[in-house]
Amino acid sequence: MDLEGGSHRNTIKKDSWMTVLTLAYQSLGVVYGDLSASPLYVYKSVFAEDNEKITTNEEIFGVLSFVFWTITLIPLIKYVFVVLKADDNGEGGIFALYSKLCRNSRVGWFLPNSQVADEKISTYKKDSITCQPSFNAMVKATLEKHKVLQIVLLILALVGTSMAICDGVLSPAVSVYSAISGLELAISKHHHRYIEHPLACFILVCLFALQHYGTHRVGFLFTPVVITWLLCISGIGLYNIFYWNPQVYKALSPYYMYIFLKKSQRGRWMSLGGILLCIRGSEAMFADLGHFSQLSIKIAFTSFLYPSLVLAYMGQAAYLSKHHGKPIGFYVSVPDSIRWPVIIIAVLAAIVGSQAIITGTFSIIKQCHALNCFPRVKIVHTSSKIRGQVYIPEVNWTLMVLCLAVTIGFRDTTAMANASGLAVITVMLITTILMSLVMVLCWYQSVFFAICFILFFGTIEGLYFVASLVRFLNGAWVSLLLASVFFVIMYTWHYGSLMKYESDFHNKVPLDWLLGHGPSLDVVRVKGIGLVHTELVSGIPAVFSHFVTNVPAFHQTLVFLCIKSVHLPYVLPQERFLVGRIGQKEFRIYRCIVRYGYRDIHKDNIEFEKQLVCSIAEFIRSGREEQAVGVGVLHHDDNRITLVGISSAHTEGIRIWEDEEEEPLRVPSPGEIRELQSSIKKRELQPSVVQRKKRVTFLLPESPRIMDRDTQEELSELMEAREAGMSFILGDSNVRAKRGSNWIKKLLINHGYDFLSRNSRSATNGLCIPSASTLEVRMVCHV
């Protein structure tokens, strides 16, 4: 599956019908694997406690009516026709909605180093209208004015993300365990109890162990498996409808929902928590939007998935309506002659659905990591063609341990389904809330329309949410516990990172301090390029002043490098770099800001270094900042530095050519040999020994403009500095709460953030700089 460029497919050009149909075919295996497995456990979860109490068809028809209208209203009406339109430059999910709100309302304060220049990025789209309604403007102003409301909005996004990660733990356990539950009908009870649990754990271990290979290696099997499964359940459904009860279509009437609730007591109210499992996996339609187009996802759902699910549920209801008092589940309605093949197909479909959920969880965590809401972890891109395919080792093994703990601890599909149901409905409810805000603040729709949207869908999802909470002691507590842990981790990391940035910002050194030292900075300038990493987009980091004060030497070319994320899924390569000059040309000091979207892939070390050097070289060649390649002047730093957009990938800009040549070492004289340390052996000084030296050449474009002597000299020095190599200085602050701070702040900073910092990966591992040439300077700052 080549899904490259899916994020821009929705916005750049209109796909042909062949492309749309191909994407619709592929989406069945990637997007709908989890949703298609829901018939395995819905009826069993609904009637888990009172199978033998069902004496009439009203209960069965009532459940079918609830399932039919739930699938119709939420996945079909809400997601297909409304939510999919709220994409963020082709990307979907809770963070896409939050990012859209941040750009249109300026509430994204959790990225404190945002700049006005970021709004000049071509993909930084704002939904605009010629005349914004006054009430909508008032809502927007209120949200921008009150920081408490912004914090609530961020908490909503983090809670929804926590529940989505929690579902990444629960969904594989529910799907796999439900799929192999058919063994109880295929083998004897005596053997079943010794096979089911170990087999489920074995499949889960294999599933997580194969994650590092990436979905793209076996992805071509996903769609055929899901299609086979959907054809299987729809065919069995049709057989059961015509063979057992052709009148089951009457249950589609909403009247049976009324009868179901009217005759029900507390047990029937709790059964709503099982019914909502029929829409588990619906959020994937929006979350995986970046790999496909809106039209392809709509076609796949409406033309194939929706009718298959309806037939499957109707077939089960038709069978159960003629078998009162017997065990309830999916496999009891499967004819004995095809039960074994159906079990095999169900297990494969469950694995496909679980695979999609796990990789989706990796993508969610990558977004949180990019937006400073998750500790630093190792992110491996498993495919060069599919942008969203990532693998996170630490998260993978953590998910596996938690998934096995849930499977071994519960050993019951119903309890695991209760926990998964609460996570699913919480994510959907938060999506509804954020969608209503998008309607008002981004689409400038009538507030009345937004209120009707949240009242209608919020009421339905609220009923299911309450029904899930009623099952708190029957397994739902697990999802609350896991989500709480994930939320505390994300909020603690975000809060600590924000406090650290504020401390760095207040402690930054004025430019006057640097410029007052003169071109040499009062230190010896040695060959090479010195990269000083900082999260600041203006000013001089305090760590650099400490370094210069204590170390009497520095590189001939100095670059203050800021690598940051923006409220966008992707930033085009030609808009990634902002370059500016600090002081006069003789200083050879530059500021470079590198911008990435929250779904961008960071390039490898060599490629990144080349792009960085080319960007600086192109900035130098332009002569005047206003004539630089890119989008012109974007930002003024301290009223002295002009940052200019530079295209490192521009076809007409400077390109860099690097090679390594071998130079023979000359034979030292006997006197020189005696002066060397005695530990060096004489055989290491023979003429045959060679050393490698990097040769760097700038390939200048054909340009009518003639460079002056100063520009040529500056480019020549940059070339020599690149040949000498790069060094990276990283300032790492040990953040501590000030005396007199409240106990919550002390707990979050001194214990929570400190623990996460010490046990997460180093900041250099998340940057595109080789760690071998990195110098880390630690400081203690109080916030």
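Any Cβ shown, glycine's included, is placed from N, Cα and C.
Feature annotations, courtesy of TrEMBL:
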type	residues	note
TRANSMEM	20-40	transmembrane segment
DOMAIN	23-515	domain 'K+ potassium transporter integral membrane'
TRANSMEM	60-81	transmembrane segment
TRANSMEM	148-174	transmembrane segment
TRANSMEM	194-213	transmembrane segment
TRANSMEM	220-242	transmembrane segment
TRANSMEM	299-320	transmembrane segment
TRANSMEM	340-365	transmembrane segment
TRANSMEM	386-410	transmembrane segment
TRANSMEM	422-441	transmembrane segment
TRANSMEM	448-470	transmembrane segment
TRANSMEM	476-493	transmembrane segment
DOMAIN	528-781	domain 'K+ potassium transporter C-terminal'
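Only residues 6 or more beyond the boundaries of the transmembrane segment (148-174), in the same chain, are considered here, and those with a CB under 8 A from a CB of the stretch are 34, 41, 94-95, 97-98, 101, 107, 109-110, 142, 200, 204, 207, 280-281, 283, 287, 353-354, 357-358, 360-361, 364-365, 368, 373, 399, 402-403, 406-407, 413, 416-417, 419-420, 423-424, 426-427, 430-431, 433-434, 437, 478-479, 482-484, 486-487, 490-491, 494. Note on the transmembrane segment (60-81): residues 35, 42-43, 46-47, 54, 248, 250-257, 259-261, 271-272, 275-276, 278-279, 282-283, 285-286, 297-298, 301-302, 306, 309-310, 313-314, 317, 320-321, 428, 432, 457, 460-461 of its chain, located 6 or more positions outside it, place their CB under 8 angstroms from a CB of the stretch. By the count of Cβ pairs under 8 Å, the stretch nearest in packing to the transmembrane segment (194-213) among 340-365, 386-410, 422-441, 476-493 is 386-410. The transmembrane segment (340-365) is not in contact with the transmembrane segment (422-441), judged by fewer than 3 CB-CB distances under 8 Å for residue pairs 6 or more apart in sequence. Taking Cβ pairs closer than 8 Å, the transmembrane segment (220-242) reaches residues 1, 25-26, 28-30, 32-33, 36-37, 39, 248-249, 304-305, 307-309, 311-316, 318-319, 333-335, 338, 342, 345-346, 348-349, 352, 355-356 in its own chain, all 6 or more past its ends. Sequence-distant contacts of the transmembrane segment (476-493) (same chain, at least 6 residues past either end, Cβ-Cβ under 8 Å): 155, 158-159, 161-163, 165-167, 169-170, 273, 368, 372-375, 402, 406, 418-423, 426, 468-469, 748, 752-753, 756. When averaged over the domain 'K+ potassium transporter C-terminal' (528-781), pLDDT in the model lands at 70.
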